[in-house]
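According to TrEMBL, the protein carries these features:
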- A:G154, A:V155, A:S156, A:R157, A:S158, A:G159, A:K160, A:T161: ADP binding site (BINDING)
2 protein chains.
Amino acid sequence: MPNRRTVFFVSDRTGITAESLGNTLLTQFDTEEFNRETEPFIDTVEKAQELARRIDDIAASDLRKPLVFTSIIKADVRAALQVKNALVIDFFQTFIGELEAELGEKATMSVGKAHGMDDEEKYDHRIEAVNFSLNHDDGVKLKDLDEADVVLVGVSRSGKTPTCLYLALQYGIKAANYPLTPEDLDSPTLPKMLLPFKQKMFGLTIDPSRLHHIRSERRPDSRYASMDNCRREVNEAESMFRHHGVPFISTTHMSIEEIASTIMHNAHLVRRF
Amino acid sequence: MPNRRTVFFVSDRTGITAESLGNTLLTQFDTEEFNRETEPFIDTVEKAQELARRIDDIAASDLRKPLVFTSIIKADVRAALQVKNALVIDFFQTFIGELEAELGEKATMSVGKAHGMDDEEKYDHRIEAVNFSLNHDDGVKLKDLDEADVVLVGVSRSGKTPTCLYLALQYGIKAANYPLTPEDLDSPTLPKMLLPFKQKMFGLTIDPSRLHHIRSERRPDSRYASMDNCRREVNEAESMFRHHGVPFISTTHMSIEEIASTIMHNAHLVRRF
């Protein structure tokens, strides 16, 4: 693909932040296509010089100037990455001066605090949350509901499991997962087990035809996956949420990040790590 | 906490990028403590005006100027958030002009492409990877190893499970999880089941005393958690990796993000979504 522009996401740590903001910016441009390359752990002048040479080579042979999105913290490493023939967008340097001025304090320029493990206790809390959502994914117990920060409720395949995992990994939140069974849906009351935890409940719903599609991948031509059954289950779940005042959102057009951050916000949950 | 400075992370979508870069910048300052607030889905002028009023109020009552990190895309919404008495750090506006100039194209200013669901197929791939790591977490089958993009190998509690989940959620990578049993560790050869997949293997190791600590939380005073046993298992696992040329890293001082991005990079894996 000789006509694609090469884009580098460079970081002294994981590169996740540089990728994420860099990609947000790139999504604003429709015409060009990009070859993306992430270069994590560029934390010495030598590594930065080697990478700069590689970017220089690409700049010499490509028709288009490479883009370099970087969040490197150390000044000497950053300096080694200034490639004349590339557009370097520096997420760190651009803002740090303004912040120093406002905070009246020099930046420490220490690497690895953002996605690092500087706080072992918080880290353990996060792993505990992950294990919580893994261990309690199928078959909920009262104890689990009691311990949970939030209880996600919805029909099978409405997006509960990946959302629970994301809430644990991204926010350290213990999310329990309560799948609404056909019996639950037939009853006019809330599932008995959930009654003491009504305040923690958060409903997920989904467009019946999307649900039909997802379930058909798993069990083609089953009653479970049929359009009729999907429509009925979704209707009953939504009536239950409305009737009992359980907040709920539709996951149909949302990414896992969007579902999780909406729940954090709407349920007033606080990041635990 | 009247003396803490208030920090807002504002976004028209999830706020995850603004939080992530904002926090990276703030970790560079040691003296001040911050009250952090994330405001996702600020996607209309009205919502931005309401938030601006709230920030204004805080600015009037606090001793310190609030900080506002924002990644809002739409110009009119962004404009409504310009609070005179706050330091607004705009991750979008700051760079978009430079990029427009280089790419020779106007930004589309369309919201929601970064963590959105604009590509249903890629999204399904991601969910499939999550389900893959969930379904194959305990008890690996040949078929799973065959289908996997990478096979994480290590003793119990060396960090395989959260890493597999993060690889799935963040990168759409199917990571299988092979726990080394005491029998595997006693043998001089690689576990038989892994032989055909040697090229996909990636080892995780951990400091024996950290392992002892983690295992003791689960099964206090067990042989499994004893310092002696942890030391022996870790030694044997590391010899196995070295002897068979399996790349491996120590998870002891690494966050899940760091472990996952190191594996992506060292195993030359390519993001699947």
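Quick reminder: no glycine exception, Cβ is built from N, Cα and C everywhere.
Note that the coordinates shown come from a computational prediction; the quantities given were computed from them, not determined experimentally.
Shown on the structure are the features that TrEMBL records.
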| residue | record | contacts (Cβ under 8 Å, 6+ apart) |
| --- | --- | --- |
| A:G154 | ADP binding site | A:K160, A:P179, A:L180, A:G203, A:L204, A:T205, A:I206, A:A237, A:F248 |
| A:V155 | ADP binding site | A:P179, A:L180, A:L185, A:T205, A:I206, A:L211, A:E233, A:V234, A:A237 |
| A:S156 | ADP binding site | A:P179, A:L180, A:R215, A:Y224 |
| A:R157 | ADP binding site | A:I206, A:L211, A:I214, A:R215, A:R218 |
| A:S158 | ADP binding site | A:L204, A:T205, A:I206, A:L211, A:A237, A:T251 |
| A:G159 | ADP binding site | A:L204, A:I206, A:T251, A:I256, A:I259 |
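Using the Cβ center of A:G154, A:V155, A:S156, A:R157, A:S158, A:G159, A:K160, A:T161 for ADP, the list of other same-chain residues with Cβ within 8 Å runs, in sequence order, A:P179, A:L204, A:I206, A:T251. Contacting chain B by the Cβ rule (under 8 Å between Cβ atoms), the binding-site residues A:V155, A:R157, A:K160, A:T161 reduce to A:T161. Working note on the binding-site residues A:K160, A:T161: by count of other C-beta atoms within 10 Å of each C-beta, A:K160 ranks first. The secondary structure of A:G154 (ADP binding site), as reduced to three states from DSSP, is extended strand.
For the recorded site, A:T161 (ADP binding site), the DSSP three-state label reads helix.
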